[in-house]
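Q: Just dropping this structure here.
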Amino acid sequence: MSALECKEDPREALPPRFAPPARRHYNYTGKLRRRDDGASALKADSAVFLGVCCLIVLENLLVLATIWRTKKFHRPMFYFLGNLALSDLLAGAAYAANILLSGANTYRLTPTQWFLREGSVFVALAASVFSLLAIAVERHLTMLKMKVGDGGRAGRVFPLLSAVWMVAALLGGLPLMGWNCIGRLERCSTVLPLYHKTYILFCTSVFSVILMAIVALYARIYALVRGRSRRLLSRGPPAGAGAAKSCERSMALLRTVVVVLSCFIACWAPLFVLLLLDAGCRAHGCAVLYRAEWFLALAVLNSATNPLIYTLTSDEMRRAFLQMLADRGGRGRSSSRRSLASQKRHSAAARADRDRAVTTTKRHVKRFARATC
């Protein structure tokens, strides 16, 4: 065996207390050995996940562009949906960065870089949960004021959206501020080896409580809208016709948001359960914790389903999407037609120039012939 083959990675030879922090923590939780064993098997999966992340970014960019370009969507409810799309876009970008910085790159990250990598995913998750809460609160306030349309004032929207991102950034940045397990290996999470178990438990509990509060709010909103609709319909036409149509639009939008919430819970609940299990398990105690990437992939997939939900459940959003795509296609076709027309004009001008040149040449030849005769 050659000397090159016998050469060891100097980091492997370091005693545990002198190894890089990320490597030391992954080694303690058992993820180091498992990552090394399966490093080559994840390449194809990583490529697929990166493709899904690109799809998530493109889909949610389309949602944001549609809301921005459509004047009738410049209302509080759609601003909140746009904020949810922005958090989904961030989730896709953060997960793509997470994939690219995983594997062997993980052990080269400093603790600050590692916290930024994982914290971006937590910020996106927190922004999504808080956006859903903001939508539920806005809908509930609107229903209490007996405004069945989007009667909320835009003035209260932007401070609320700013608060959503500030709280999400604070929650995702807590480990960077010191709530981590560096120097306390026995308190480390197995799924996220530099995070303190109490931080994982705190975040999961906060998100779960918020989601339960959102479900309760929507149950109350549904009851309010149903009761309001019955009272309006009991008046009979034409007195309640306009208000009834407004109620129908409000119910359609409410159904869209409820489907979004249901899909969010279905995709994220397995990861929440896994994180709760992580907080209670000792290192090497629960084998399922070493398959966390599949739970996270399911959770991030939720960000790809939301634009599809908007399109399938809301006639307004579907028409706006199709209109924008048609405008894009029409602009491309009109540009092609203009280019073709310009080419035809240039060709016609070139032919005219050639014809004039031929005519002038013939005239000169005739004059020369007469002069020589």
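Glycine too: its Cβ is placed from the backbone N, Cα and C atoms.
A quick note: this is a predicted structure, and the numbers were derived from the prediction, not measured.
Below are the features listed in TrEMBL for this protein:
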{"type": "DISULFID", "residues": "CYS181-CYS188", "note": "disulfide bond"}
{"type": "DISULFID", "residues": "CYS281-CYS286", "note": "disulfide bond"}
{"type": "DOMAIN", "residues": "59-310", "note": "domain 'G-protein coupled receptors family 1 profile'"}
{"type": "REGION", "residues": "329-362", "note": "region 'Disordered'"}
{"type": "TRANSMEM", "residues": "47-68", "note": "transmembrane segment"}
{"type": "TRANSMEM", "residues": "80-101", "note": "transmembrane segment"}
{"type": "TRANSMEM", "residues": "121-137", "note": "transmembrane segment"}
{"type": "TRANSMEM", "residues": "157-179", "note": "transmembrane segment"}
{"type": "TRANSMEM", "residues": "199-225", "note": "transmembrane segment"}
{"type": "TRANSMEM", "residues": "252-274", "note": "transmembrane segment"}
{"type": "TRANSMEM", "residues": "294-313", "note": "transmembrane segment"}
Q: Select one residue from CYS181, CYS188, CYS281, CYS286: among these disulfide-bonded residues, choose the one with the most other Cβ atoms within 10 Å of its Cβ.
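A: Of CYS181, CYS188, CYS281, CYS286, the one with the most crowded Cβ is CYS188.
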Q: I need to check the long-range neighbours of the transmembrane segment (80-101): which residues 6 or more away from its ends have a CB within less than 8 Å of a CB in the stretch?
A: 46, 49-50, 52-57, 60-61, 63-64, 67-68, 109, 113, 117-118, 120-121, 123-125, 127-128, 131-132, 134-135, 138, 157, 161, 164, 168, 257, 260, 296, 300, 302-304, 306-307, 310
Q: Please indicate, using numbers and ranges, the residues of the same chain that are 6 or more beyond the transmembrane segment (199-225) and have a C-beta under 8 Å from a C-beta there.
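A: Apart from its flanks, the transmembrane segment (199-225) reaches 122, 125-126, 129-130, 132-133, 136-137, 139-140, 143-144, 148, 171, 174-175, 179-180, 189, 191-192, 247, 250-251, 254, 257-258, 261, 264-265, 268, 272, 275-276, 278-279.
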Q: In whole Å, how far is CYS286 (disulfide bond) from CYS188 (disulfide bond) when you measure between their Cα atoms?
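A: With distance taken Cα to Cα, CYS286 (disulfide bond) is 14 Å from CYS188 (disulfide bond).
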Q: Roughly where does the domain 'G-protein coupled receptors family 1 profile' (59-310) sit in mean pLDDT, to the nearest integer?
A: 84
Q: Measuring Cα to Cα, how far is CYS281 (disulfide bond) from CYS181 (disulfide bond) in Å?
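A: With the alpha carbons as reference points, the distance is 15 Å.
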Q: Cα-Cα separation of CYS286 (disulfide bond) and CYS181 (disulfide bond), in Å?
A: 19
